[in-house]
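Pulled from TrEMBL, these are the features on record:
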- 45-64: transmembrane segment (TRANSMEM)
- 51-504: domain 'Major facilitator superfamily (MFS) profile' (DOMAIN)
- 106-125: transmembrane segment (TRANSMEM)
- 132-157: transmembrane segment (TRANSMEM)
- 192-210: transmembrane segment (TRANSMEM)
- 222-241: transmembrane segment (TRANSMEM)
- 318-339: transmembrane segment (TRANSMEM)
- 355-375: transmembrane segment (TRANSMEM)
- 387-407: transmembrane segment (TRANSMEM)
- 413-436: transmembrane segment (TRANSMEM)
- 481-501: transmembrane segment (TRANSMEM)
Amino acid sequence: MVTKEEDCRLPPAREPLRCYSPSSTTPLAELEETIRSLEIVEPSFFSPVWLLVIFCIINLLNYMDRGAIASNGVNGSIKSCNDKGKCTPATGIQGHYNLSDFEDGVLSSSFMVGLLIASPIFASLAKSFNPFRLIGVGLTVWTVAVLGCGSSFAFWFIVLCRMFVGVGEASFISLAAPFIDDNAPHKQKAAWLGLFYMCIPSGVALGYVYGGYVGKHFSWRYAFWGEAVLMAPFAVLGFLMKPLQLKGFPSTDSVEVMASSPGAEILKNNNHLQAGNEIEKDEAEISIETYKSSYTNSVWKSVTQFGRDMKVLCKERVFVVNVLGYVAYNFVIGAYSYWGPKAGYNIYKMKNADMIFGAVTIICGIVGTLSGGFILDHVTSTIPNAFKLLSGATFLGAICCFTAFTLKGLYGFIALFAIGELLVFATQAPVNYVCLHCVEPSLRPLSMAISTVAIHIFGDVPSSPLVGIVQDHIDSWRKTALILTSVLFVAAAIWFIGIFINSVDHFNEEAESENLCSRQEQSIMMMNP
């Protein structure tokens, strides 16, 4: 018999916490609130705030790598001579492998091949394996691939390693945001997302400074090796920590779930047969064939489920409009992040282009991204309000950035470009808020994965080499920058359309459904003590 004192003790780690007494006289509403608040059990040493901090650091390192490879210290330049015969030596990756601007642009985008393939795969695997463990696998791949970049011996090898860096990033970018969305306070969801996505511009800017310093004083190879050392502890942490669960997904780490699967039942039967003394060889072969058939059916079921989920995403107009605007936006931001230091050096003769662009981007990225999240929370986090913020901030930011590149003075350019970046970066929290809340919780990893794949494969992947081609053709960084910046007006127009689309916050919709089911279950329990 269970006493009231024993009734509310923590159960074993693999069991959900259910703290109620059959004889309790607590009103149903109060009991429901108590159970809802205790549904997720967290280790005492791992609070939601620590989850946010750890994910922010990992995101910072991911994007620091992108900034480092774009810096003049790591990216470098080929050997060139002026009319007077004075030559500058070859530096960085471009100088080491004697790359054209097009090949240099391909290098920056090559990791997206791995990202494109792996993102939907990791999102689908989250339904069969614990998402937290999948992040650990991805970070391990990332660490090994970055080590390979620093140890590369040929251009094709570093391109291959950059592809695997994309595979490593895929698990994290698909699964981290849903974890944050689950654990953030209800009235601060956009602010927490803002903190997380603040690490994108901050990481890129930090990469400019880090890559410029390490490349200048040591070697471009040391920049990659340093990144791997910094990421390694977090890859290990992904396997050692108690795994967390995502809203909308069943527990995947319990033995009971595995034991109930057809394959596990067959394996259990095989063990019993092997323990006996009268097992027949033909029976064992039949069991193995049945297990293989069950595994094949399981794989086919996952593929068909992925197809159904994709169909749901493509029919969601809010998701489609949001991603289309994000594609146009990222086309510009991706090219800015890669070509920015080089364009600034050539247009305004910046002696420390890496440091200047790094400082402007990190300050504007932090302030802008945080402001976007806090503003959305302040005006009430809804999908229509998010679209209003997206279109307005992008339009004003485009005007500032476009005007900045028309100025001839360095200080005027820096001031106006900084204001433009401040406005443009305010979009990070709202755009990802829409991605997470326009679909049901169980589709959030896939929503983030497809969004990420789309903005890269149609955005910054083609933008870097295309800008390189335009620059090779017209040979004017100022004109190239103006052509690129005008695409931001397209992004603002697309997001403006989103304001008028009828939208539903599916996160709250499913939460209400779960509350109703929970209420019904508790009613049954109280009626049958």
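Heads up, the Cβ atoms here are built off N, Cα and C, so glycines get one too.
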Q | Same-chain residues at least 6 beyond the ends of the transmembrane segment (192-210) whose Cβ lies under 8 Å from its Cβ atoms | A | 52, 55-57, 59-71, 176-177, 180-181, 184-185, 223, 226, 337, 341, 354-355, 357-362, 364-366, 368-374, 376, 421, 425, 428-429, 432-433, 436
Q) Looking only at residues six or more beyond either end of the transmembrane segment (106-125), which have a C-beta under 8 A from one in the stretch? A) 66, 69-70, 93, 99, 134, 138, 155, 158-160, 162-171, 173-175, 302, 305-306, 338, 445-446, 448-450, 452-453, 456-457, 460-462, 464-465
Q. What residues in the same chain, six or more past the boundaries of the transmembrane segment (45-64), come closer than 8 Å to it by Cβ-Cβ distance?
A. 139, 142, 169, 172-173, 176, 179-180, 183-184, 192, 195-204, 206-207, 210, 227, 230-231, 234, 237, 241-242, 244
Q. Other than its close neighbours in sequence, what residues sit by the transmembrane segment (387-407), given a CB gap under 8 Å and a spacing of at least six beyond its ends?
A. 322, 325, 329, 347, 372, 375-376, 379, 413, 416-417, 419-424, 426-427, 430-431, 434, 478, 481-482, 485-486, 488-489, 491-493, 495-496, 498-499
Q. Where among 132-157, 413-436, 481-501 do we find the most Cβ pairs under 8 Å to the transmembrane segment (318-339)?
A. 481-501
Q. So which residues does the transmembrane segment (132-157) touch in its own chain, when a touch means Cβ under 8 Å and the partner is 6 or more beyond its ends?
A. 58, 62, 65, 97, 99, 103, 107, 118, 122, 125-126, 163-165, 167-172, 175-176, 179, 221-225, 227-228, 231-232, 234-239, 241, 243-244, 253
Q | Other parts of the chain folded back onto the transmembrane segment (222-241), taken as Cβ under 8 Å at six or more residues beyond its ends | A | 43, 46, 54, 57-58, 61, 64-65, 68, 73-74, 132-133, 135-137, 139-140, 142-144, 146-147, 149-150, 210-211, 214-215
